[in-house]
Amino acid sequence: MGFKGTTVIAIKKNGKTVVAADGQVTFGHTVLKSNAIKIRKLLNGKILAGFAGSTSDAITLFEKFEEKIKAKGDGLVDIKRAAVDLAKDWRSDKILHKLEAMMLVADSKNILLISGTGDVVEPEEDVVSIGSGGNYAYSAALAYMENKKLSAFEVALRSLKIAARVCIYTNSNIVLEEIENE
């Protein structure tokens, strides 16, 4: 028995980047918490990150990712480089290799998915979603993205609400964070 499910989505639209997640934590067949926070602002709010999977593993990955960002020391933020460096460590480190989590990271220019196998994927669309309800949220977001009147915030919120209606491991206690694109 283990912790299961969540839904996290990242969207870029109309000069904004949003990362949003539901709040449900499930252990086996039991909902343990309905208002967990699964997204974080990093580097003084310049980067948004969200996770699906084991909470303790995700916190470890947040910390490692933030270390990779700060390691450069020149003040320039390159989430692609940091994500690749994290993925290299994830694949080669005996302890990190056992972590069971996925991450979405986004800044004003990029959205990246960092998988549990150490892959880094930059989606073709300005939408990506992970977790048990990820496919539902992703499909809904692709449809909502065609509506020019909807903001990134509205697309994320509506997409997660759809996922919550369909996925038993996703709820409608949604937390959203937003940054302005450069």
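All residue numbers here begin at 1 and follow the chain in the order shown.
Cβ atoms here come from the backbone N, Cα and C positions, even for glycine.
Feature annotation from Swiss-Prot assigns active site to T6; the stated evidence is sequence analysis. Sequence-distant neighbours of T6 (active site) (same chain, 6+ residues apart, CB-CB distance under 8 A): A21, D22, Q24, V25, K38, F51, A52, G53, G131, S132, G133, Y169, T170.
Annotated Na(+) binding site per Swiss-Prot: A164, C167, T170, in sequence order, evidence recorded as sequence analysis.
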T170 (Na(+) binding site) has how many other Cβ neighbours within 10 Å of its own Cβ?
29
Give me the sequence-ordered set of same-chain residues, not including A164, C167, T170, with a C-beta within 8 angstroms of the centroid of the Na(+) site's C-beta atoms.
G5, T7, D22, Q24, S132, G133, Y136, A137, L160, A163, R165, V166, I168, Y169, N171, S172
